[in-house]
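For reference, the structure discussed in these notes is given below.
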C-alpha cells in the first residue's frame with residue numbers, strides 16, 4: 001500500500017475519466033480480486049531475471065513487471081541474475097546463433113524448480129512468451145497450466161495502415177492517423193509505444209505505416225527521418241517498419257523521364273533510394289506496392305509486367321534482405337470483363353517469374369473485402385510464388401464503427417477453405433503458411449482498423465478484430481470461438497457467464513450482418529458514400545464502380561452468372577470446387593448469387609423461393625440485432641458502465657441502419673421481382689424514394 | 001482514505017499512462033501538497049449547498065465537489081439545504097426573474113458567516129462563479145481573497161468549429177473532429193461533457209459545431225437529431241448550439257429552383273426549416289453564415305445584398321429569439337482590387353439595413369488571421385449594426401501544432417487598438433462590447449483549435465489560446481500577462497519561478513514568431529500546403545491566392561502601397577489613424593510593409609536599412625527559439641516529464657522550421673534586393689532551389 005499516494009498523483013482526474021475508455025485494449029492488467037489467485041501469483045513472482053540486455057528483452061521484463069505488478073499490487077524487481085532464494089520468472093535466451101526468424105520468435109514456457117522459465121532462441125521469442133504468460137495470468141489460470149510452447153506459422157505478421165500524410169485514413173473509422181507526420185521526428189508520441197506493445201502482445205512483427213495509394217513524400221529524406229523515429233519505437237518491440245511506395249517516384253521525385261522498371265536509370269534510382277532508406281532505417285522491412293490498380297501507376301504503363309516491376313524493387317532490396325510485397329488487387333475498367341477474374345488473369349501466368357524476395361499479397365476474396373466472399377482463386381495457382389494473405393480489419397464494408405462484426409469467422413472461412421490444389425485438404429491456410437508449396441517466405445497482412453480515437457478502433461468491440469488477426473497470423477488453427485473468449489476475458493470481464501454471452505454475440509455477428517447487408521452472395525451495394533447502400537447506383541466513370549455491376553438484378557432474377565454460361569470465373573478454381581459451386585443445387589446458399597443468376601421464384605435448398613429467402617434473411621438479420629442488444633444488456637453488471645453505454649448506443653445505431661439497409665435492398669429489388677414481402681414481415685415504413693433521400697444525405701458535400 | 005481502493009480500480013494502466021497527457025486542460029485539480037493550504041480548505045469546505053435543481057446548478061455543485069475533492073482528498077457532500085453546523089459553499093440563485101443574459105451570467109462571491117456564498121440571478125452565473133472559485137483554489141490562494149464579483153462584457157462568447165461532416169477539420173492541427181457524426185445521436189461520447197466543462201469554466205456560452213464552408217447535411221432531420229444530442233450535453237453547461245448553414249440549401253436540400261432571399265418560396269422554406277430546427281433543439285442559438293466568399297453561395301448570386309440574405313434568415317429566427325451571425329469575410333477575385341478593402345467596401349454601406357437579430361462577424365484584421373495585422377477598418381464604421389469579433393485560435397498561420405505562439409497579445413493588440421471613431425479612446429473593444437455604439441447584441445468568436453488529440457489542441461501550450469480567448473471574451477480588460485500566468489498555474493505548475501519563466505516565453509512567443517515568419521508587416525507566404533512558406537508562389541486561379549500579391553517584392557523594394565499613391569486602403573480608417581500610418585516615418589515598424597512599398601536601402605526608424613532590418617528580424621527571430629528552448633529546459637523539474645518532453649520536441653521542430661522559413665524568405669527576397677546578408681549572420685546552409693524542394697515535399701500528393 002506504500003505506493004498508493006504516489007499512484008494517486010497520476011490519476012487523470014476529470015468528471016468522466018474514471019471510466020474504462022478502452023485505451024488499454026486487452027492489456028488491462030486489472031487488479032485480481034480473488035485472494036486465492038493473487039496469493040498464488042504473489043508466491044511465484046518475486047523477481048524477473050533477465051541477463052540479455054537488448055531493448056526487446058528489457059521490454060519483455062518491463063511488461064511482466066508492469067502487468068503482474070498491476071494485477072497483484074506488488075512491485076516485482078527486474079534483476080540480471082537469478083537470486084539465491086525466492087521464486088520468479090527467468091527469461092532465458094538460448095545460445096544458438098543464426099537462427100531462422102521463426103525460431104527466434106518461438107518460445108517455451110516451463111516450470112523449473114518453482115520458477116517460470118521463458119526460453120527462446122531470440123529476444124522476440126522472450127517477448128512473445130512474456131505476453132503469452134501475461135495472457136494466461138490475466139485469465140486467472142493456474143501457473144502450472146502456463147507450461148507450453150509455441151511457434152508462429154507465418155513469418156511476416158503485418159498490419160497495413162492506409163494512412164495518408166495529411167492525417168486522414170482511407171477507410172478509417174476511428175479518428176485520424178496515429179502517426180503525427182508534421183510533428184515527427186522531433187516529437188514522438190508515447191502512444192506509438194502502446195501501439196507497439198499491443199502488436200507485440202499478439203505476435204505482429206511488421207507494419208506498413210502509409211497508404212497503398214502512396215504519397216511519394218515518404219521516400220524523401222524529410223519523411224524517411226520521420227519514419228525512422230517510428231521505426232525506433234517499433235524496433236524495441238520486434239516490429240519492422242515497411243513503406244508503401246509510389247511506383248512513379250523516379251519521375252515525380254527523382255526527376256527522371258520515365259519510371260520504366262527496365263530502364264537502367266530507373267533501376268539505379270531505386271537502388272540508390274533503397275540504400276538511402278537503409279542508411280536511415282537499418283532494419284527497414286521492405287516495400288508494399290499497389291501498381292496499375294485503381295489509377296495508381298505501375299509497370300504496365302511501360303508495357304512491362306507486374307513481375308518486371310516487382311523484380312526491379314527486389315533487386316534494390318536484396319542486398320539489405322528487404323522484401324517486396326506486391327499486391328494482386330488489380331482490375332481493369334472493362335465493361336465486358338468480370339472483375340472476379342482479374343487477379344488470376346493477370347498474375348497466375350507470372351508464377352515463377354518473381355524474384356526470391358517478392359511476396360504477392362492477395363486479398364482473401366476475388367473482389368474486395370465483402371462481408372462474405374469465396375476465397376480468391378489465385379490461392380493455389382502460384383506454387384512458385386509466395387502468396388501473402390491480405391485481410392481487412394477496418395470495416396469498410398462491415399458497418400464502419402457502428403456495427404459490431406467479429407471478423408475471425410471471415411478469416412477462418414477463407415483460411416479453412418479447401419482449394420483442392422494438391423487434393424483434398426489443400427486449404428488456403430496451408431498455401432499461405434507455405435507448407436503446401438514450400439514457400440520460402442510467408443506473410444499475412446491485416447488492413448488496420450486503428451486510429452487516433454481513444455479506443456483505438458472506434459467501435460470498442462472492433463478491438464477484437466485486431467486481436468483475432470494477430471492471433472491467427474501466429475496460429476491459424478486457433479478457432480474463432482477460442483479467440484473470442486480469450487479476447488473478452490482479457491478485455492471485458494473474467495466472469496464466465498458474461499464472457500459466454502459476449503462470445504455468443506461475436507460468433508453470430510458476422511452472419512447477422514451478412515443477412516441484413518448482402519445475403520446469399522450479394523455484394524458491394526456501397527458506391528459513393530461508403531456509408532449508405534445504393535443498390536440502384538448505375539452510373540460511374542467505370543462499370544465496376546456501380547452497384548448494378550455486382551448484383552445484376554433484372555426482371556428474371558438476381559445474381560452474377562459466373563458459370564460456363566456466364567463469365568466462367570468458376571473455371572479458375574480446381575474441378576472439385578468448380579463442380580460443387582457451378583451447380584445451383586449444390587452451391588452453398590451463402591455463395592449462391594456470387595455464381596448464379598437465380599430467378600425470383602426458384603426454390604432454394606431452404607425450401608423457400610429466392611425472393612422469400614431474401615425477405616427471410618433481410619428481416620431476420622435486422623431482427624437479430626435486437627437479440628444482440630438483449631444479449632449485451634444482460635451483461636451490463638459485469639462491464640464498465642461507460643463502455644457498456646457506448647456499445648449500447650452503437651447497437652441502437654446498428655439496428656436502425658440494419659432496417660434502413662434492409663429496406664434499401666428490399667424496396668429496390670422489389671421493383672424487379674414484382675413480388676410482395678411475405679405478410680409475416682412488417683412492410684418497410686418508407687418508400688424507395690425516401691430510402692434514396694436518406695442515402696443522399698450522406699452523399700452531400 | 002476509504003475511497004482509495006475504489007479509485008485504484010479505475011486507474012487506466014499502461015506503461016505510459018502515468019504521464020500527464022494534457023487531457024485535463026486547466027481543470028487538473030491536482031492534490032494540494034502544502035498542508036497549511038489543504039487544512040485551511042478542508043476547514044472551510046464540508047458541504048456544498050444548492051437548492052436550485054436545474055442541471056446547470058447541479059453541474060456547478062458537482063464540479064466543486066469533484067475539484068475540491070481531488071485537491072483536498074476529501075469527499076464533500078452536496079446538500080439541498082444548509083446544514084446547521086460546519087462551513088461550506090452555498091450556491092444561491094436570486095429570486096429575480098426575466099433578467100438579462102448578462103445578469104444571469106454575472107456572479108458575486110462573498111463570505112457569509114464562514115461560508116463561501118456564490119450568488120447569481122441565473123444558474124449560469126452560479127456555474128461561472130463556481131469555476132471562478134475553483135480557479136482561485138487551484139492557485140492555492142487564501143479563501144478570503146476569493147471575494148469578488150464579475151460580469152461578462154460580451155453576451156455571446158463563442159467557439160466556431162470548422163469541422164466537416166466526414167470528421168476532418170479545416171485548418172485543424174489536433175486530429176479529427178471531436179464530433180462523431182456517424183455515431184451520433186445514439187452514441188454520445190463522454191468527451192463532449194469534458195468539452196462543455198472546459199468551455200463553461202472560461203465563460204464560453206455558445207458553439208458553432210460545423211464548418212462555415214457548410215454542408216447542407218446539417219439542416220436535414222437526420223443531422224439535426226445528431227446536433228440535438230450534442231446540444232443536450234452542452235445545454236447542461238450553459239452552452240447554446242449554433243449551426244453554419246449552406247446558403248443554397250433551399251435548392252440543394254429543398255428542391256426549390258432558387259435560393260433568392262427575396263423569393264417568397266425561399267423565405268417560406270427557411271421559416272419552416274427553422275421551425276423544424278427549434279422543434280428538435282428548443283434552445284438553438286442561430287445560424288452562422290459565410291456567403292459569397294471563396295466560392296460559397298450567397299445572396300449576391302441573385303443580385304441581392306448581404307443584408308437581404310441575413311434579414312431573410314433573421315425573419316425565420318426571430319420568433320425563436322435566434323440570431324444570425326453573418327460573416328464579413330469577403331473578397332472578390334479582382335486582380336486590380338485590394339483585398340484589404342473588400343469587407344469595408346461591401347459592408348460599410350449596409351449599416352442600418354440589417355434586422356435586429358443580426359450580428360456581422362468581422363475578423364480582427366482586414367485580410368485573414370495573419371500573425372500581425374492592423375485592425376479591420378470595419379470596426380467603428382457600422383454604428384447601427386452589431387459587429388462581432390472573429391479571432392482564430394487554430395494556428396493556420398501561426399505554425400500549426402508545432403510552433404508555440406501565445407495568441408492573447410494578438411487579441412489584445414486588436415481589442416486595444418484605437419479607431420478614433422468617437423475620438424481618442426474609441427477602442428475596438430469598446431465597439432465589440434457594445435459600449436461605444438450601444439449595440440443590443442455583442443459577440444466574440446474564436447475559431448477553435450480543438451480536435452480529437454488527447455491534448456485537445458495538438459501543441460499542449462496551445463491550450464492557453466483557448467483559455468485566453470474565453471477569458472478575454474468575458475473580460476477584455478484582462479492583460480495577456482495575467483491570463484498567461486493564471487493559465488500556467490492551473491495547467492502546469494503552481495511554483496512561482498517556473499510560472500514566471502513560462503509566462504515569459506508565452507509573452508514573447510508571438511513577436512518571435514512574427515520575426516522569423518512575417519516581420520515588418522509581411523503577410524501570407526502560405527499558399528498550397530499551408531505547411532510551408534512559398535513567398536515565390538505566383539500562380540493560382542485567383543491573384544489573391546498567390547504569395548506575390550501580398551508582399552509585392554520587386555527590384556526597388558518590398559511591401560504593399562496602401563497609401564493614396566497605392567490602393568488607398570488607409571483611407572478606410574479615421575484620419576488620426578490614417579495620418580499616423582500613411583507616413584512611413586511614423587507608421588509603426590510592425591505595420592510598415594502592410595501600407596508601404598519601401599525601397600531596399602531605405603533607412604528605417606531602427607537605424608537599419610529595410611534589407612538589414614529584415615535580416616535582423618529573420619535571424620533574431622529564429623535565434624530566439626533557442627532562447628525559448630533554454631527557458632523551457634530550465635523548468636524541467638517542475639513539469640510532468642512526458643509533457644515536458646513533448647514540448648521540447650515541438651520546440652526542436654519550431655527551431656528547424658524557423659530557420660527553414662527564414663531561409664525561404666531571405667533567399668527569395670535576395671533575388672530582388674541583390675544585397676548580401678550582413679556578415680554577422682551565418683549564411684543560409686541551403687540554396688533557394690533547395691528550399692523550394694523542401695517545400696515541394698509538403699505539396700506532394
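Glycine residues also receive a Cβ, built from the backbone N, Cα and C atoms like all the rest.
Owing to the predicted nature of the structure, the values given are computational and were not obtained by experimental measurement.
Feature annotations, courtesy of TrEMBL:
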type: ACT_SITE; residues: A:294; note: active site, proton donor
type: ACT_SITE; residues: A:368; note: active site, proton acceptor
type: ACT_SITE; residues: A:396; note: active site, proton acceptor
type: DOMAIN; residues: A:25-133; note: domain 'Alpha glucuronidase N-terminal'
type: DOMAIN; residues: A:137-456; note: domain 'Glycosyl hydrolase family 67 catalytic'
type: DOMAIN; residues: A:457-679; note: domain 'Glycosyl hydrolase family 67 C-terminal'
type: SIGNAL; residues: A:1-19; note: signal peptide
Of all the active-site residues given, A:294, A:368, which residue's CB has the most CB neighbours within 10 A? A:368
Can you give me the average pLDDT across the domain 'Alpha glucuronidase N-terminal' (A:25-133), rounded to a whole number? 95
As a quick check of your reading of DSSP, tell me how many residues in the domain 'Alpha glucuronidase N-terminal' (A:25-133) are helical, how many are strand and how many are coil. 44 helix, 22 strand, 43 coil
For residue A:368 (active site, proton acceptor) and residue A:396 (active site, proton acceptor), what Cα-Cα distance in Å is obtained after rounding to a whole number? 10
Taking just the CA atoms, what is the gap between residue A:396 (active site, proton acceptor) and residue A:294 (active site, proton donor) in Å? 17
